[in-house]
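Report on one structure; see the data block that follows.
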Ligand SMILES: Cc1cc2nc3c(=O)[nH]c(=O)nc-3n(C[C@H](O)[C@H](O)[C@H](O)COP(=O)(O)OP(=O)(O)OC[C@H]3O[C@@H](n4cnc5c(N)ncnc54)[C@H](O)[C@@H]3O)c2cc1C
Ligand SMILES: O=C(O)Cc1ccc(O)c(O)c1
């Protein structure tokens, strides 16, 4: 089949009834649920872009294996042109969502492509696992499906490993084998967009200890598999807020969910790893499933930071405060952050790692540097929006106030910005900023940037240790050897 349209994506959602729980009740039809309708439309637009002549050649290609047109996320990059083709896709999807939707279909499809191209790692443990992941990749590619993932254990007692938790199946683990497949029980978090996806893939960050064998698992199943419960967090908008009052929150909220598996059957052909602590701990470093998608997350993060920066610049200009040195300083800092990430992405694409298979991965040092910097730069951009907007962020009336002729004069006079900025224009800008820096929606965006890839503190420590292992830091020896030379001269 190859690339789907938005309508085909929506028909796919309509054809299933996953067990979704939202605010204490069961959702019967996800497409009829007002909270999910706008995010579904935003994802459908991305599918439609694949058929739009403006984008088609930039974000899709003809698959060499099937002759069908497929998304660039399924391209195994072997040349710089391939990397550029993937970047063009990431950029197009991120621009369409201002970088605010983190788990658009390209993200996990890149993870899957990386698992596919590095399946030889799994072969060493069980050739069937490798065959399963290859078949699954082809299935997702050829049907253009949308995945969610949950790779973290629920936050119960982080000081204990999975097998030491109060209940053996608090964390998702294998209960027993059957001729049809594995029965799994327990929970995983935090599956972003789960209610509006087609499939879920489960794997884990490294960190398994001996005794954790039953939790060392990787598999994928349809999102409506019996026994799989999707427990949504409280929504941050009710799906009815106006575009005028919440230009971003009304469009781009990504639901997050805990997945609870009540004795779910995972067919054997969907099991990619099982009962093997060593393989589970090596899955990340050996299959590129951090490095390849970090290209996507880097591009998306750049667009999001750039967007927040543009809003800050326009906000400051609208009320004439960018004549002040302190404001110029804050805005200059944000622009330099954007430029730093942009430069790091270019370096990552230039200084690639080449695998024996010929696959290329953008350089891990610049990518990890982005991963370390963005969790600081994005919250800072939010802070600058708050500082520049100040009390103005709390004086915005609603679209209904603007619509009432009785208030029209006041709206124009007291809400106008500097000369040339009308009341409506200024309020719309401040509402855009408030969605990013004040609303619960904006706080989630910030929390996402801090944590979506794992704990930034531990990630930076891992980065340091790996970097130290690979380098010798010999400029220090060179500098110190000059002292020896001086001694030699003195002695002569
Ligand atoms: C908005 C959002 C969306 C997300 N979407 C997804 C998704 O789609 N799929 C998915 O799988 N995951 C998703 N995640 C989850 C994300 O992977 C985790 O949040 C991240 O890995 C951090 O884990 P945690 O939240 O459990 O924090 P914890 O690991 O519980 O950490 C809590 C605090 O304790 C400290 N801490 C905990 N353990 C240690 C330790 N061993 N050593 C030192 N300090 C420690 C941390 O530094 C942190 O300050 C999402 C997260 C967010 C916020
Ligand atoms: O670190 C990145 O930016 C890439 C990334 C993020 C989250 C994941 O779950 C993952 O497998 C890879």
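Positions of Cβ are set from backbone N, Cα and C atoms, glycine also.
Curation plays no part in TrEMBL annotations; they are all automatic predictions.
Taken from TrEMBL as is:
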BINDING   149, 150, 151, 155, 156, 157, 158, 192, 455, 456, 457, 458  FAD binding site
DOMAIN    5-273  domain 'HpaB/PvcC/4-BUDH N-terminal'
DOMAIN    280-480  domain 'HpaB/PvcC/4-BUDH C-terminal'
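Among the residues the record lists as binding FAD, namely 149, 150, 151, 155, 156, 157, 158, 192, 455, 456, 457, 458, the two farthest apart have Cα atoms separated by 22 Å. Mean per-residue pLDDT, taken over the domain 'HpaB/PvcC/4-BUDH C-terminal' (280-480), amounts to 96. Taken residue by residue with DSSP, residue 457 (FAD binding site) is part of a helix. In this view, the densest Cβ surroundings among the binding-site residues 151, 457 belong to 151, judged by other Cβ atoms lying within 10 Å. Fewest Cβ neighbours within 10 Å among the binding-site residues 149, 156, 158, 455: that distinction goes to 158.
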